[in-house]
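Per Swiss-Prot, the feature disulfide bond maps to Cys4-Cys15, Cys32-Cys131, Cys106-Cys123. Taken from Swiss-Prot, the feature domain 'C-type lectin' covers 11-132.
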Amino acid sequence: DQDCLPGWSFYEGHCYKVFNLDKTWEDAEKFCTEQANSGHLVSIDSKKEANFVAELVSQNIKETRRTDFVWIGLRAEDKRQHCSSEWSDGSSINYQNWIEAESKKCLGLEKQTRYRKWVNLNCGQPYRFTCEI
């Protein structure tokens, strides 16, 4: 689609791909940056984009596990566990849809909410992830 690499999906000027690999948040972000110059874990800037990403994840992750989460490019950066004011790609947060704030610092999408709500997760846990370029 529209100048995306093979296997990537186009939406409003960006390309997206769900990876069925288990990585920590940090390793997933690093992996995404290695896919292309502008690659990062997905940043979700609107409800429409959230729906697109949720559908993409649902289509690409068929088998279920006890814990089904998918990393997005958001994590708390300071010691007080508040969320950082930007996505991992540097864009500002102007759309939010998380469940409840906990002490866990990285955010992911949860299968139980059909990948539409954001949940706080332990950054060191390996989960699958979505990259955006």
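Backbone N, Cα and C atoms are what each Cβ position is placed from, and that goes for glycine too.
In the three-state DSSP scheme, Cys4 (disulfide bond) falls into the coil class.
Of all the disulfide-bonded residues in the list Cys106, Cys123, Cys131, the shortest Cα-Cα distance to Cys15 (disulfide bond) is found for Cys131.
Broken down by DSSP into helix, strand and coil, the domain 'C-type lectin' (11-132) contains 28 helix, 40 strand, 54 coil.
Fewest Cβ neighbours within 10 Å among the disulfide-bonded residues Cys4, Cys15, Cys106, Cys131: that distinction goes to Cys4.
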